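K.L.:
Following this message is one structure expressed as structure tokens.
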Amino acid sequence: MQQRAQFPGKGLTVAQAQGLSKTYPSNHMNATMGNQYKHLALITCMKSVLFAFNFVFWVTGICILIVGLWAEFDLYQYMNLSPDFTGAAPHVIIGISTLMVITSSVAFSCIVKGQPVLLFIYGSFMLCIFMMEVGLSASVVCFRDGFAQGLYEGLTETLKNYDPVKTNFDFAQSAMQCCGVSNYTDWIWFSPQRVIPTSCCINTTHCVTANYNDVYQRGCYAVIYMNIKDNMDLIIAIAIATSVLPLAGAAMSCCLGNYIRRTKYDAIG
């Protein structure tokens, strides 16, 4: 007869108890391996999503950098006519966008390595970029609200102290096809020379500024103001729309870093 071990509530033989003790470690190991595979699959999925997001963020940074360079070398010619314009805004846009491109470029390596510390640092940089973009948007909105009066005063002052060599007024008149502040008569009444400049000419080859039919009829204030206002609205819209990206990126990177760290602790435990 086989001897039965006295297990509480169970009538198991010694051989059955030994078989159960051999089976339990195997089942426990299989369950542990299954959990590790689940964690690995989830981490891989989160990395893929964050990698795709980071690529979008990198492309966005390049687009904003292009906008900043355009504002510096093209829009600056018109915005500089306002005394309220300091010239810092395009530099700030270029600086923020450059930081976005550099951060997202380095982040590709951080995401692939999957080290929690690097992911937390990446999230911190994203939060800083978010705060800078919010501040930039607020600054542009404030500047836009007071830009109209400043532009009118700046154009009038430039016209009264007209220097055909140094002024941006000639560039604005030629590029925007306008003349004077309100119209071409401003040059007759306010300019020191009392002469309409050739930058007002419709056709510079055959132009007699004394003949008012040869010059642009519309004033530059309304044209430049609407042009800059539309461009500012575009910059504000881009800044507000893209400010959500670094905030989302910070949240995703911190979640991924925290999950990887917690998974490692669980595996050790």
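Any Cβ shown, glycine's included, is placed from N, Cα and C.
According to TrEMBL, the feature disulfide bond maps to Cys179-Cys200. Residues annotated as transmembrane segment in TrEMBL: 49-71, 91-112, 119-141, 234-260.
Tell me about the setting of these features in this model.
P.N.:
A simple way to gauge crowding: the CB of Cys200 (disulfide bond) has 25 other CB atoms within 10 angstroms, across all the protein chains here.
Among residues of the same chain six or more beyond the transmembrane segment (49-71), those with a C-beta under 8 A of the stretch's C-beta atoms are 79, 89-91, 93-94, 96-101, 104-105, 107-108, 111-112, 231, 235, 238, 242, 245-246, 248-249, 252-253, 256.
Cβ atoms under 8 Å from those of the transmembrane segment (119-141) belong to residues 89, 92-93, 96, 99-100, 103, 106-107, 110-111, 232, 235-236, 239-240, 242-243, 246-247, 249-251, 253-254, 256-257, 260 of the same chain, restricted to positions at least 6 beyond its ends.
When Cβ-Cβ distances below 8 Å are used as the criterion, the transmembrane segment (234-260) is approached by residues 42-43, 46-47, 49-50, 53-54, 56-57, 60, 63-64, 67, 71, 93, 100, 107, 111, 114-120, 122-124, 126-127, 129-130, 133-134, 136-137, 140-141, 144 of the same chain, each at least six residues removed from its ends.
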K.L.:
Any same-chain residues 6+ apart from Cys179 (disulfide bond) with CB under 8 Å of its CB? Would you list them in sequence order, or say none?
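P.N.:
The list for Cys179 (disulfide bond) reads Gln173, Trp187, Ile196, Cys200, Val215, Tyr216, Gln217, Arg218, Gly219, Cys220, given in order along the sequence.
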